[in-house]
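**Student:** Below are the structure tokens for one structure; questions will follow.
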Ligand SMILES: *Cc1c(COP(=O)(O)O)cnc(C)c1O
């Protein structure tokens, strides 16, 4: 279907932070399948874990337990530092659907609305899409059957006004991804936590893109010291295998009763084995430190690049938004591709870098060396 337009490349294979197209051209992959391929491509630990698991048991459904799902749930709760329970799904939008149903189930009838932020993105299925603070992707599919109130992201007072005792829950990205790597003011998430405590609304943090080491920390909410009631995870978790999690802390882990929710493929053994390998390699190879170091090199290098197309750079770890002087994103993306770098125009005037967490300083430098030429090519390109 034409929903993705026509992608510009056919990718054949990858290794580390590199991919090759079917013509044999190599690219440095600074997108990693939209912040997904945390270990890069064809990482031996991921290949081994997936091959071993598919050779033992590929699927069993939720009618039975298997060991990888139990180990993964325990591992996630340990990393999250909380006591709670995990529901496994297959994609970010499904993790948020689970969170939405959890919020509904917890709230009962007296709390008719939920709150979300302008410019937010939580996925494309009808529940998550109802939370999207982007009219262009949301409005063609309205109505959604429940009341979502939108607030400007980062505005503490607007949040306090919207989160009333009639509010069932608040959905926020701790740093907005699709909006262009937008971080709220320092005390925003704390204020959201406090307002939810005052009113009894459930605080859901969507760490689908920001989580699992992307920012140089396991989870951004831990870095800022704010504990949500529910957190959702996906993208980087499986290193390329489809897996997602909706984690409820404390009593929020036990809101669903038997029969309230389910997924045939959720907690798929192969996807769980992949996620366990991802978490193990991130820890073993200290990829959080690597994300901070190499991310710092990239960020500083971009900040020091003097070019009329550059407005600035923002983000944390290996998750950066290069802000352009106008709507040149698509042209910069194309010029980068022609120079052998995959980057993504996440907004008309913002280019996103979300490379594998294994990216090296040398690879980062190669991009920085090429960046002025890429920008000049984009500036000179004829408007199509
Ligand atoms: C990508 C993303 C989603 C949706 O994930 P899918 O796997 O595409 O359904 C949800 N929330 C955030 C913050 C995302 O970045």
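Quick reminder: no glycine exception, Cβ is built from N, Cα and C everywhere.
According to TrEMBL, the protein has these features:
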type	residues	note
BINDING	92, 93, 121, 206, 207, 208, 209, 264	pyridoxal 5'-phosphate binding site
BINDING	124, 263	N(2)-acetyl-L-ornithine binding site
MOD_RES	235	N6-(pyridoxal phosphate)lysine
**Student:** List the Cα distance (Å, whole number) between residue 208 (pyridoxal 5'-phosphate binding site) and residue 263 (N(2)-acetyl-L-ornithine binding site).
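**Tutor:** Spelling it out, the Cα of residue 208 (pyridoxal 5'-phosphate binding site) and the Cα of residue 263 (N(2)-acetyl-L-ornithine binding site) are 18 Å apart.
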**Student:** Could you find out if DSSP has residue 235 (N6-(pyridoxal phosphate)lysine) as helix, strand or coil?
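**Tutor:** The residue in question, residue 235 (N6-(pyridoxal phosphate)lysine), is helix (DSSP, three-state).
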**Student:** Given the recorded positions 124, 235, 263, which lie close to residue 209 (pyridoxal 5'-phosphate binding site), meaning Cα to Cα within 10 A?
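**Tutor:** For residue 209 (pyridoxal 5'-phosphate binding site), the recorded positions whose Cα atoms are within 10 Å come to 235.
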**Student:** With respect to ligand 1, which members of the binding-site residues 206, 207, 209, 263, 264 satisfy a Cβ distance under 6 angstroms to one of its atoms?
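**Tutor:** Result: 206, 209.
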**Student:** Within its own chain, what residues at least 6 apart in sequence put their Cβ under 8 Å from the Cβ of residue 206 (pyridoxal 5'-phosphate binding site), listed in sequence order?
**Tutor:** 92, 96, 99, 120, 122, 171, 172, 173, 174, 231, 232
**Student:** Rounded to a whole angstrom, what is the largest C-alpha distance between any two of the residues 92, 93, 121, 206, 207, 208, 209, 264 that the record assigns to pyridoxal 5'-phosphate?
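**Tutor:** Between the most distant Cα atoms of the pyridoxal 5'-phosphate site, 25 Å.
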**Student:** Between the Cα atoms of residue 235 (N6-(pyridoxal phosphate)lysine) and residue 263 (N(2)-acetyl-L-ornithine binding site), what distance do you get, rounded to the nearest Å?
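**Tutor:** Between the Cα atoms of residue 235 (N6-(pyridoxal phosphate)lysine) and residue 263 (N(2)-acetyl-L-ornithine binding site), the distance comes to 18 Å.
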